[in-house]
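A.B. asks: The structure that follows is given in the form of structure tokens.
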Amino acid sequence: MKKLYAIALLFTVFNAPLYCQMKDGDGSTNTAGLETSEEALAKYIKNANGQDSFAQLAALTETAKANFSDSASITENLSFWLAENHPIYDGKGFNEALQFRAYLLHSFSFFPANDRILGYLISELTFSDNQNIVCAAVFTSKKYHDSRLIPLIEKLATDAYRTTVNFSDFQYNTVYNYKTTIQEEAKKALDALKTEEVPATSHKPSCCSSKMAIGKESPSKLIGKKDRMVKDLNITFLDQENDFINLKNTHGSPFIVTFFYTSCTNQNKCAATISKLSELQKSLVGKKNKFKIYAITYDEYVDKPDVLKKYGGSYNFMFDKNNKFLLSADKEEKEKMDQLFNTTVNYGNGIVNQHGIQLFLFDKHGKIASVIENENWTVPSVSDKINTLLEE
């Protein structure tokens, strides 16, 4: 299929349904189907990737704000940009990605409520350590009357969060000059939430479940045996002892797969993940030979076997034949891993610029039994799932 380029987006004060002329990659006019300006903008947003600068993406967002702020379709397309592994973050710097993410989260306060956006608001309020992102998430949360937001925002309404945040400093938000603090926005959000609070929706607004590669998340129970999916686990890794291991050979007992990297600076993500894995080992110490834990690094260039071993030791993680830290054996194996797990990570110049939280639980047949994404999973909940799988 030839790539289409929109050469003009036409808007009018008369709100007429003007159209966008399209051209094929060779420059010839495509008259097969003219698109309304909203459809053309939606296509631009949907096809955005790492070749687009954040300034260009912000221009699209501002166009959407000015002309289609009530469009559920535009909102839905924009919401996919919040995925940590979305192509728009390819090749971008760490701070640059955080800055745009803060701008984007704040921008969603201008658009209709959306379950995917709600999922990311919950995730950022749970895990983010960036004050701009947290403040933007709190600001936009006022639009979402969901009780799950309340405990996350209550902890931010304290004097510890009095640092000034200026939304005009979000680099791309040049027309919104508004100075505030996380504490101030938290108090406003709590007033709005408690005034018009509604119960949490019955479904989980998973950030990424619509693109989940190998299963659907069920935070409170395992996926039914008949619904568990079989995937090719033929992926080779190196472990912390510099020995090769292939996941296809792990059948026979339940096992966990999760992700981290040793130079992660967000204590709410990688450090917390490894710390909880260590606690999980202790909670199931009598069954340590009946299940396996594999923690895979995002950064195989820095996290060599000796680095992984040292990092695990610092969190009292107990290494043995069933409990390992892994790195991709080569580029091809990493691509297979990313495709299988739909890893929520992105890179700029070979460095992780953002990532989510993922934990996969497999049954003894190598079938996915539970997927947790961007949720603050607890040791008791995962321990219960493992015990259930051990009884199957």
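From the backbone N, Cα and C atoms, a Cβ is placed for every residue, glycine too.
As annotated in TrEMBL:
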- Cys264, Cys270, His355: Cu cation binding site (BINDING)
- Cys264-Cys270: disulfide bond (DISULFID)
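For the listed features, I'd like the structural context: burial, neighbours, distances.
C.D. replies: Annotation for His355 (Cu cation binding site): spatial neighbours Glu84, Phe259, Tyr261, Cys264, Lys269, Tyr298, Thr343, Thr344, Val345, Asn346, criterion Cβ-Cβ under 8 Å with sequence separation of six or more.
Sequence-distant contacts of Cys270 (Cu cation binding site), defined as residues of its own chain at least six apart whose C-beta falls under 8 angstroms from its C-beta, comprise Phe260, Tyr261, Thr262, Cys264.
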A.B. asks: Would you mind checking how many other C-beta atoms are within 10 angstroms of the C-beta on Cys264 (Cu cation binding site)?
C.D. replies: 19
